Amino acid sequence: MIDALHQFELAPVFGLLGRSVNFSQSAAFMLLAVGLITFLMLRGMAPRAIIPGRLQALAETSYEFVHDLVTGQVGDEGKQFFPFVFSLFMFVLLGNLLGLIPWAFTFTSHIAVTFGLAAIVFVLITVVGLVIHGTHFFSYFFPEGAPKLLAPLIIPIEIISYLSRPVSLSVRLFANMVAGHVMLIVFASFVVMIGSIGAVGILGAALPLAVNVALYGFELLVAFLQAYVFAILTSIYLHDAVHLH
Amino acid sequence: MDVLAAKALGAGLAVIALAGVGIGIGNIFSAMVTSVARNPGARDAVFPIGILGFALTEAVALFALLIAFLILFT
């Protein structure tokens, strides 16, 4: 039997001190991610060179990438939300990428973490919508020009689709990470299983190993793509909150 | 039928949803390729929308996969 879900179990780290405050490896990797982002932005931008070095180029590229994404989706009003979306994007991206290091822990593979992030987004878009539009915000649930007769049908659907946003946002990221890592370990287990049957087995084990290498490249793409999707959906929701449709 | 066999069957049935997702993702990328081939200048505008559609469709596949995992491992 392949024990695929063991890798997602939480365990306290840093010995007795970590155990007493339930400091899990998930929290440790979150701190590491935040530390790396802070290091990248502070150390990378320290030279302020006109011709950037590698680290500065990385910092500038990620900044511009998210900036274009937010202003492209939300418009000029999006600039005030840029720091939020940028930290969200970098945190999710670093979480996904750190998880791909062997023996590392993927904190985005826990629904508690991703739903926490999605809940922040959900509260933010609702509060922004209410602050900008007041009670007019509720007209969002009934598109302009729709026949009045359809109101009892449209309004519940719109409300349900609005409320399901944090669920789909969090489950998408969490399920992607879980599925990817389970797939990696299943194929890795195939390598061990086939390899253990002797000389012919070692030759046969090359096939799942090759699949695993390809999957690893695919997971790198998914790690970036999911962070991108998380950020772009946040921007789209912010656009809805700012402009109402 | 014992529980393990029923679990395996249930997990298999749960991922039938992937057929629809395969069609959906194929549709998205075929539309994306067609639009870029017709108007290469639209590439930058089309690409994020295509990726977004891909992610939204892929989520359905993952929901099905999640159900399969829930059946198998819990």
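Heads up, the Cβ atoms here are built off N, Cα and C, so glycines get one too.
Note: TrEMBL annotation is automatic and uncurated.
Features of the protein shown, as given by TrEMBL:
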- B:9-71: domain 'V-ATPase proteolipid subunit C-like' (DOMAIN)
- B:12-33: transmembrane segment (TRANSMEM)
- B:45-73: transmembrane segment (TRANSMEM)
- B:E58: site 'Reversibly protonated during proton transport' (SITE)
| remark: Spatial neighbours of the transmembrane segment (B:45-73) not adjacent in sequence (6+ beyond its ends, CB under 8 Å) are 7-8, 10-12, 14-18, 20-21, 24-25, 28-29, 31-32, 35-36
| field | Per-state residue totals over the domain 'V-ATPase proteolipid subunit C-like' (B:9-71) - DSSP helix, strand, coil | value | 60 helix, 0 strand, 3 coil
| Just how many other Cβ atoms lie inside 10 Å of the Cβ on B:E58 (site 'Reversibly protonated during proton transport')? | 22
| note | Taken over the domain 'V-ATPase proteolipid subunit C-like' (B:9-71), the predicted model's pLDDT averages 88
